[in-house]
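Participant: Dumping what Swiss-Prot says about this protein:
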BINDING   D13, E14, D109  divalent metal cation binding site
DOMAIN    7-197  domain 'RNase H type-2'
Amino acid sequence: MIASDGLGIAGVDEVGRGCLFGPVFAAAVVLSDHAAEHLQAAGLTDSKALTPSRRAALVPLIEAHAHAWGLGQSSARAVDRDGIRSATEQAMLCALQRLPCRPQLVLVDGVLPLRLWEGSQRTIVRGDSSHAAIAAASVLAKEARDALIRRLSNRFPGYGLERHAGYGTAQHRAALLACGPTPLHRHSFLRKLFATV
């Protein structure tokens, strides 16, 4: 029996799945029904629909009002070694394992279930737009990954990472052709884009 106040349910989402650079991040969030209403009234929705400043402002609210939350990540090397789906699932599993209590139900954004999760789960297409716990997870994962990429942009200048966060923009592709990949690029992704890399 799942708690009627929402506390037995965790929303989980990932960010950075399609990036050419850096890790894939995931977050898991447990919200009470009251916290979900409060956060939605404060503007919580899918992280992709929020401005960077609005997203950043929501992070301390989510952290303060969530019953529990956890972050996980899988490196570019794990993506290359295990494939993006497995690496994403590992990040999600890590985020779930960082929760203080095992959720009775996991709501997963998207269509693919977590093969590594042995408990109850439900996939929800566009769940980050319709379920507050998934939306909160998307915001925490996005902000955590973006903060890491900004720090890494100082270590790897010339790629414009601080502007595109590792996604395959024209600027990023041009920098890859000019400078070659860094150790934190996903080489398995680059082979699909550039036969010469």
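Quick reminder: no glycine exception, Cβ is built from N, Cα and C everywhere.
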Participant: Would you list the other residues of this chain near divalent metal cation - those whose C-beta lies within 8 angstroms of the C-beta centroid of D13, E14, D109 - in sequence order?
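Facilitator: For the divalent metal cation site the neighbour list reads V12, V15, A26, A27, M92, V108, G110, G127, D128, I134, A137, S138, A141.
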Participant: Sort out for me which one of D13, E14, D109 has the most neighbouring CB atoms within 10 A, since those are the binding-site residues we care about.
Facilitator: D13
